[in-house]
């Protein structure tokens, strides 16, 4: 294992250098001698000890191989064969096991379903707060919408949306989205779901040069809205594919495809789709 001596000194976990209750450094990094060496006497007489397991976990070689978030990549056939179970709303809300099952599905597949959620915004909010903090956006903290074109977004029309990711124009796009159909009249409403990480892996295998291009060239992702009293112009900058530089693991996708017309069908059950 290889370690930089300054990095080791900066990551000392002794009581004088690190607050174990708040997980914050007490050491002033700028005070560390850039020529510091182990087994060398220094005026402050400080002694640092490192557990072997901690060194293995934080070694440069280990970081290059370690996957931050294991995933199961899927297409329609793979997902259908997996038969990933939904989680009941009461179990999800009231038991650790229900929450654990939901989170396992979500982290592995990037999507999870909660059944039997009462069709109200209040219950949707309870569900979202069980997972994480709710983020404030230009649309609000919690909101509902229909095809009345009250906002300058295609989602507020009757046009079908093809595969896409939302909030690409945020500098930090949303990591989790919650969708819940509260009311349905007439026909339509089918949801099309795609594993973008599966698609990116296909690009990597079949066209690695294009994958490299998509993961290195930053683009402007823009949202312009001028409807009623809503006037917003937001720009997020970043590549389509975002990867960790040390192990090339994909962690975020910014993509939007063109709209297409599609037949939609009503579903009888109430789902909160994450």
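Every residue gets a Cβ built from N, Cα and C, even glycine.
These come from TrEMBL:
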- 2-46: domain 'Gamma-butyrobetaine hydroxylase-like N-terminal' (DOMAIN)
- 83-247: domain 'TauD/TfdA-like' (DOMAIN)
Can you check how the pLDDT averages out over the domain 'Gamma-butyrobetaine hydroxylase-like N-terminal' (2-46)?
85
Let's see if you can do this one: DSSP helix, strand and coil counts over the domain 'Gamma-butyrobetaine hydroxylase-like N-terminal' (2-46), in that order.
9 helix, 4 strand, 32 coil
